Amino acid sequence: MPRPRPRALRGSSPGWALVAAVAVGAALLMATLAVAAPPGPRGPAARSPGLEDASVEPVEDGDYDEYDDEGHTPTDVPGSGPESPGPDRPPRGPGGGSGRRRGSPGNGTRSAARRQLRESLRRIQAEYAASAFYVCPPPTGATVVQFEEPRPCPDVAAGKNFTEGIAVVFKENIAPYKFTATKYYKEITVSQTWQGSRYLQLTGLYNDRAPVPFSEITDLINGKGRCRSDVTYTRSQRRVTAYDGDEWGREVALVPAKTSTPNSRGWYTTDRVYAPNAHAGFYKTGTTVNCIVEEMEARSAFPYDSFVLATGEFVYASPFSGFSEDARRERNRYAPDRFRQVDGFYPRDLDSGQRAATPVVRNLLTTPTFTVGWDWKPKRPNVCSVTKWQVVEEMVRAEYGSAFRFTSAALSATFTSNLTQYPPELIEHSDCVAREAAESIEAIYARRYNASHVRVGGVQYYLAAGGFLLAFQPLLSNSLAEMYRREALLGRSGDLAAALAPPPVAAPASGAGPRGTISTTQTVEFARLQFTYDHIQKHVNEMLGRIAAAWCQLQNQELVLWNEARKLNPGAIASATVGTRVGARMLGDVMAVSTCIPVSPDNVIMQNSMRIPGDPKTCYARPLVSFRYTDEGELVEGQLGEDNEIRLEQNNVEPCTVGHKRYFVFGGGYVYFEEYAYSHQVSRADVPVVSTFVDLNLTMLEDHEFLPLEVYTRREIKDSGLLDYAEVQRRNQLHALRFSDIDRIMNDSANAALMAGLARFFDGMGDAGKAIGRAVLGVTEGLISVVSGVSSFLSNPFGALAVGLLVLAGLVAAFFAMRYIMRLRANPMRALYPLTTSGIKAEARAALGSGGDKGGAGDGAAGVEDFDEAKLEAARDMIRYMTLVSAMERTAHKAKKRGTSARISAHLTDMVLAAQGAEYQPLSKDDEDGADP
């Protein structure tokens, strides 16, 4: 240990300037005194042999008015204490005289100068001297000490339980599940045109979409590569049928679309809109039905309860829904009759017309505007909530306190986790982790480590900070494994088992909820910072560790020097080692020590000469001092030792030499002796310092772990935009589903329920029942169609008006028919022959008019022709004959339509008429002879 420095003089550094000024003034004064002094012997050579004591005695002012016998002037030097009368002072000179002469006035001047110098030195010593002196009594052996043996130099612990291995780093899978979906729909376009005299104007255009029925998809589109040109769908709670080109439905071939993308294809039936020409000045409406099939990419994100097509339509059903035990638990928000799963479905390539050789399970789901189909796959092996991020061939795992650190130089990253394993079973949809980790680790081990390392246990899983899942396979080199094997054979396998034992595995708490998913940060900069810090920490700590080890080795080597130095100066070595001032001496291989007593600097007086009275060839090696333990104690003689130590013996002597110069530590500075006589005091600041200390202040870097810190979360980034496309599309498409009952609209026909019930009834009767059922259902559907048509016609306001007009017209016709029948009954001839009857009446009126003129008015009654009964009877026979002829003609006409029996009946009627007599003959215009006038 370093030697303790003596205490500095009291006061600040400006005091040393004052000391220097006083010293300069004293030097000038002494030079003046030297010039004025009488010549005489000076220095040690002129020392009087009669001087018995060379110590500085305290004198009163005015005592030094002359020189002593040797030319020396006793002087109090810095560090001297209060003066005492000195009753034990031996007499100077023979006869016990004082040996002093009374001087002249010049001597008085010199005495005054000396007194002034003494006062200045005392004032400086009282103000600035602060270093204590110590008196170390000789050790008696009651207390002995020994030096410590060399210490073992420990290494700096940079970590423990380092393990190398292979690692696979997994991250959160934010990519959606992607699959191929086929969209089936028919696009209806209704156009209205107005034909002018020379131009055609489009006055209206209506577009709509309708889903393709399941049967048409399976039988026509996938079966034949064709599609029907008509479609029946529901709009405004009514069943609507649209025909392409306003013609009856037919099967049309699907042709590839003109353009396609790498992830989508399309087929259609027509690319023209039907807009018929109308007559000039009239409107005409035309309908176009285009059957479209689109194959595109669909995506579904966790928790996979819906998916979205590439066109932006949302389908609110899980892509993994189906009829199996696990698939039934998947979410499907549509009615059961709108979903169908087809087993043994052979997809057809509509471009080449080839069918797939392997069947698949096909899901079909109809929505209000389209039908979507996709290949069903089980959920468990096809989706994974985590995905492989990095495969690290060299990963080092180190244990730091309560954490593991996985460091990869290839990635320049360090991942931190706790000491407990995190099995992937705690993560939902994580079946891919074990499979992919095993495949990657097996490939790396077979390619790189198969000949040099062995595996230690199985794959271990840890959840690192930042949401990274690490699959770690510990490895052990073959040489180290062989050493462990030998240790095991020697029965020292306890530490080996503890070192190779895998960490504990975390288990879910009892009654824990469903499994969750990990959330991985968007950046890995924190892991890179951790790697950088660990790299710097390792480098710095290794460097400081080497320095500390070298320092320890240096201390052990210096211990040998200490052991040798204690034999030369045991007191100094013991004081430097113990850290306090002690006295010491060697007792064999140990040191006996004694405690040093501190002495105030004010109680120490130094003598100005180092010569031994009576022996001119021998001098003291160190100055002599007088001291008191207390301020009022007796004066004790001693010798100044090293570093302000006062020795009670005065036996440190040496042969006197010429040109003697020495500096001795006295108080807070140095005293300078030249030719074994005091010269002056030197400040410590005036002596350049050569330091032997080597400062070593080492501070190890503390362990620090960087944690991920997100400035903006995913939700904040998502909400930073003005529009959320997914939310806008979702709201727009939910509008129709939210305010309309689509399912009830599609199933509101009571006739359809009746027909479905009849069909199920006849299906249960076997093949014959099915045949009868088809006939009955056909007739029933016809009747229902007629009744539905009549009811629909009557429910139409224009239809009701037309029916009313027809009824009114029927009533008017019945009225006129009834009137005609009444007239026929009253006057058949007039009813049957109105023109003939009118002519006969006109002739009768003319005959009556001419007869009256000839015969006079009185002969008017006689002029009327008498009615002939025979003619009347003949007229009646004529009417009856005409009736029979009319009946015969009707019978013959009906016989031609009805068949043989009717013809026989007509023939019999002819026979009856022929048997009745003569045929009809018209009446002669003249009267027969013999008739009455």
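From the backbone N, Cα and C atoms, a Cβ is placed for every residue, glycine too.
The compositional bias 'Low complexity' annotation in Swiss-Prot covers 36-49.
Among the features that Swiss-Prot reports, compositional bias 'Acidic residues' is placed at 54-69.
Summarising the annotation, Swiss-Prot assigns disulfide bond to CYS136-CYS596 (among others) and lists sequence analysis as the type of evidence. Counting only same-chain residues at least 6 apart in sequence, those with a Cβ under 8 Å from the Cβ of CYS136 (disulfide bond) are GLY571, ARG581, VAL582, GLY583, SER594, CYS596, ILE597, GLY641, GLU645, ILE646, ARG647.
In sequence order, ALA548, ALA549, CYS552, GLN553, ASN556 are the residues near CYS153 (disulfide bond), counting only same-chain partners six or more apart with C-beta under 8 A. Taken residue by residue with DSSP, CYS153 (disulfide bond) is part of neither helix nor strand, so it is coil. Annotation source Swiss-Prot lists disulfide bond at CYS153-CYS552 (among others).
Residues or ranges marked as disulfide bond in Swiss-Prot: CYS227-CYS291 (among others). Within the same chain, residues at least six positions away from CYS227 (disulfide bond) with a Cβ under 8 Å of its Cβ are LYS186, VAL212, GLU216, LEU220, ILE221, GLU251, VAL252, LEU254, THR269, CYS291, VAL293.
Long-range Cβ proximity for CYS432 (disulfide bond), meaning a same-chain Cβ under 8 A and a gap of 6 or more residues, is found for PRO381, CYS384, VAL386, THR387. The annotation disulfide bond is assigned in Swiss-Prot to CYS384-CYS432 (among others) on the grounds of sequence analysis.
Every protein chain considered, the tally of other Cβ atoms within 10 Å of the Cβ of CYS619 (disulfide bond) stands at 19. If you look up Swiss-Prot, you'll see CYS619-CYS656 (among others) marked as disulfide bond, on the strength of sequence analysis.
The annotation N-linked glycosylation site is assigned in Swiss-Prot to ASN107 (among others) on the grounds of sequence analysis.
Residues or ranges marked as N-linked glycosylation site by Swiss-Prot: ASN161 (among others).
For the recorded site, ASN418 (N-linked glycosylation site), the DSSP three-state label reads strand. Feature annotation from Swiss-Prot assigns N-linked glycosylation site to ASN418 (among others); the stated evidence is sequence analysis.
Residues annotated as N-linked glycosylation site in Swiss-Prot: ASN450 (among others). Around ASN450 (N-linked glycosylation site), no same-chain residue at least 6 positions away in sequence has a Cβ under 8 Å from its Cβ.
Taken from Swiss-Prot, the feature N-linked glycosylation site applies to ASN697 (among others), supported by sequence analysis. The secondary structure of ASN697 (N-linked glycosylation site), as reduced to three states from DSSP, is coil rather than helix or strand.
If you look up Swiss-Prot, you'll see ASN747 (among others) marked as N-linked glycosylation site.
Among the features that Swiss-Prot reports, region 'Disordered' is placed at 36-115.
Confidence annotation: the motif 'Golgi targeting' (881-884) carries a mean pLDDT of 71 in the model. What Swiss-Prot records for 881-884 is motif 'Golgi targeting', and it gives sequence analysis as the kind of evidence.
As annotated by Swiss-Prot, topological domain 'Virion surface' applies to 37-797, with the evidence given as sequence analysis.
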Counting every protein chain present, what is the number of Cβ atoms, excluding its own, within 10 Å of the Cβ of CYS291 (disulfide bond)?
-> 25
Can you tell me the three-state DSSP label for CYS619 (disulfide bond)?
-> strand
Residue with minimal Cβ packing [other Cβ atoms within 10 Å] among the disulfide-bonded residues CYS384, CYS552, CYS596, CYS656 = CYS552
If you count other Cβ atoms within 10 Å of each one's Cβ, which of the glycosylation sites ASN418, ASN697 has the most?
-> ASN418
Select the closest residue to ASN161 (N-linked glycosylation site) from the following recorded positions, measuring between CA atoms: ASN418, CYS619, CYS656, ASN697.
-> ASN418
By Cα geometry, the one of the recorded positions (ASN418, CYS619, CYS656) nearest ASN697 (N-linked glycosylation site) is ASN418
Under a three-state DSSP reduction, the secondary structure at CYS432 (disulfide bond) is helix
Pairwise CA distance, CYS619 (disulfide bond) versus ASN418 (N-linked glycosylation site), rounded so that it is a whole Å = 78
